[in-house]
Amino acid sequence: MSEQNINNVNEDAEIDLVALVKRLWRKRRFVIYVTLIFMGLGLFVALFSSKEYTASTTFVPQSDNGGMSSSMGALASLAGISLDQLNSSGTLSPAIYPQLLSNVEFMKELMYTPIKFEEWPEKITLFDYFTDPQYSKPSIPGLVIKYTLGLPGVIIQAVRGEEEDTVAAVSESGIPQYSKKEYDCCKRLKEIVSIDYNDKDGYVELSVSMPEPLAAAEVASAVFALLEKYITDYKLAQVKATLDFVNDRYDEAKADFEAKQMAYAKFRDANRVLTTATAQITDDRMQREYNLSNSIYSQLASQKTQIELQVKENTPVLSVVEPVVVPFEKSKPKRAVIMVAFTFLGAFFGCAFVFGLDFLKKNGSSWPRGWKTEEEENGMRDVKEEEVA
């Protein structure tokens, strides 16, 4: 019995498959029409979509974490700083680089960076480019989508009216914030800028997509420069307390040394010949104070120079593997990919519509007028005649 059931199931599956193929063959014109319509849509999108050029750079974060001398460690400990901790964890992790695109100050500095565009003679900021109507020109497919699928949003925006754009760098509590236009510009920047960290090979890839090749390269260079600046500032902020402490002590020692030097010089000028014991004792005391002050001043000057050199050695360096170049070929639109995708999408929707109507028929739903084939019409007419008889 089991073998017979399996054979029946296989026969039913073969019959169903043959029936599906026959059904598609009967409705092949409809499927072809739908596919051609989608191909036309794909051709429209491929021809009228805005061109995009992608400029990229690849770099490897590096930092020289040499050890400091014990004397500098002692000075740092007086300032409440652990140099070992700074050397081990003071550098910003490359895995955090993509998160800088969510940093308000970073994005504001980027959006107000002047960029050279081929279309305009003067440099303009990215903020003006994305918010000023004379610079931002939407593509034809973008306009079609805006006034079809996005029409409800356009109507709601027109009813509400244009919101007042209040430019405020920081709130009353001192927290950085965006204005409405800055927030919209920030969203556009996140769409065109990409920072990816390859934790396996240890490199970072930065890419920027813009409608112009020169602008794409300019923005990529600006993002890289800002990224390098923020990484360096983060590292230097960790050792700034130590450097400030040493500079303060150095200034105090210098002032004390110069004061004692001048006082001792005046005493020697007034007492060229030490004829009394009091003068001799005073001379010895002032000379000891002068020598001690000179020793402290010299040591702090040496330590100050060493710490400044150490700060430079510990400054993070982004070693560029692949520099930014002006792209020659556009990255979008990929017309061949768009055409193939729309063709398959049209064929899929055409077949899905045919099979969907078959499913509705099996569940008792009525057929659309003109959809049934001649064989189906004759079959249903014969059934009705038999029922009447």
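All residue numbers here begin at 1 and follow the chain in the order shown.
A Cβ is built for glycine as well, from the same backbone N, Cα and C atoms used for every other residue.
Quick look at what TrEMBL lists:
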- 14-111: domain 'Polysaccharide chain length determinant N-terminal' (DOMAIN)
- 30-48: transmembrane segment (TRANSMEM)
- 285-355: domain 'Tyrosine-protein kinase G-rich' (DOMAIN)
- 336-360: transmembrane segment (TRANSMEM)
- 368-389: region 'Disordered' (REGION)
- 378-389: compositional bias 'Basic and acidic residues' (COMPBIAS)
Which residues of the same chain, at least 6 past either end of the transmembrane segment (336-360), have a Cβ under 8 Å from a Cβ in it?
20, 23-24, 27, 30-39, 41-43, 45-46, 49, 367-368, 371
Tally of helix, strand and coil residues over the domain 'Tyrosine-protein kinase G-rich' (285-355) according to DSSP?
51 helix, 7 strand, 13 coil
